[in-house]
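Quick look at what TrEMBL annotates:
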- CYS172-CYS179: disulfide bond (DISULFID)
- CYS259-CYS264: disulfide bond (DISULFID)
- 50-288: domain 'G-protein coupled receptors family 1 profile' (DOMAIN)
- 332-352: region 'Disordered' (REGION)
- 35-58: transmembrane segment (TRANSMEM)
- 70-92: transmembrane segment (TRANSMEM)
- 112-128: transmembrane segment (TRANSMEM)
- 149-170: transmembrane segment (TRANSMEM)
- 190-210: transmembrane segment (TRANSMEM)
- 230-250: transmembrane segment (TRANSMEM)
- 270-290: transmembrane segment (TRANSMEM)
Amino acid sequence: MGSLYSEYLSPTKVLEHYNYTKETLDVPQTLSRQVALVLIIILCCAIVVENMLVLIAVARNSKFHSAMYLFLGNLAASDLLAGVAFIANTLLSGSVTVHLTPVQWFAREGSAFITLSASVFSLLAIAIERHVAIAKVKVYGSDKSCRMLLLIGASWLISLVLGGLPILGWNCLDHLETCSTVLPLYTKDYVLCVVTIFSVILSAIVVLYVRIYCVVRSSQAEVAGPQTLALLKTVTIVLGVFIVCWLPAFSILLLDYACPVRSCPILYKAHYFFAFATLNSLLNPVIYTWRSRDLRREVLRPLQCCRKVAGVQGRRGGTPHHRLLPLRSSSSLERGTHMPTSPTMLEGNTVV
């Protein structure tokens, strides 16, 4: 085991693995490629800003401190970190890759796997919360907040373990014949294991939503109604967008497992599939701010304040700007969770 970990700092190990799995390592730095890299970095910066605004909105307003919004905030946190991880991955890719040590390569790829795992577990937590709240007609009070935080903490702990398995030893540093083509220091078995786990979790989420849909459409359901259906539609859209964005990447990883080394040229274009998957982190904040008028107002508050301050400074002797109107509960998310219209929660309890 000591010899295995001593290879983690080898400056030639990554080059050896890429030489074995890739037909060529020569990547011409054309103008179109440079423009694409710049656009990807701009996209990732937009992901970071969007999800940061969502997190600030959820944190600063007690109206959004319900179970549903805590889990949406957790999803926004994973999307934000995914944007940061993809920026690092982009800057350390191309010709820079072969100059990395294995431990640097594991950190680069492991961060992406960790954020992906956190997103999947966040979607699972949202599905469980919706099933408990709608199918079981459950009331979350202040005494349940600890349980929700433990669930969020457990999801991140599992994500860290799952993404950290290769650096802990589940890799192909001593077995080139078992290496993945897309991820040349990962074993094919590890890649298959991760994709299988994610697929099982996503299938379980779909089953939960089907059960919830059957409950709210039932005439005997106490919570059935257009407001509940609107909330169900919101979280279903989030799940659907995740599947659409990540299905091509999951498919290319499954193809990677099935193809012998250097036998499937499409695997050398896998970065396009992962770039498309990154759109999911950009679209999520758009979805739940578009569906929630109150959350949209809170997210846009910092931008409105900056614009008003700039307008006041640009005028001589300008009058004080108008105060922002207080939030009103008028969105599908708030109505669907039966939250009070006041920014403060009644007696510390929030019915979801």
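Each Cβ is built from the backbone N, Cα and C atoms, and glycine gets one as well.
Of the Cβ pairs linking the transmembrane segment (112-128) with the transmembrane segment (230-250) and spaced 6 or more residues apart, 3 or more are under 8 Å, so the two regions touch. Distance between Cα atoms for CYS264 (disulfide bond) and CYS179 (disulfide bond): 14 Å, as a whole number. Long-range Cβ proximity for CYS179 (disulfide bond), meaning a same-chain Cβ under 8 A and a gap of 6 or more residues, is found for HIS17, TYR20, THR21, CYS172, LEU185, TYR186, THR187, LYS188, VAL261. Scoring each of the disulfide-bonded residues (CYS172, CYS259, CYS264) by how many neighbouring Cβ atoms lie within 10 Å, the top position goes to CYS172.
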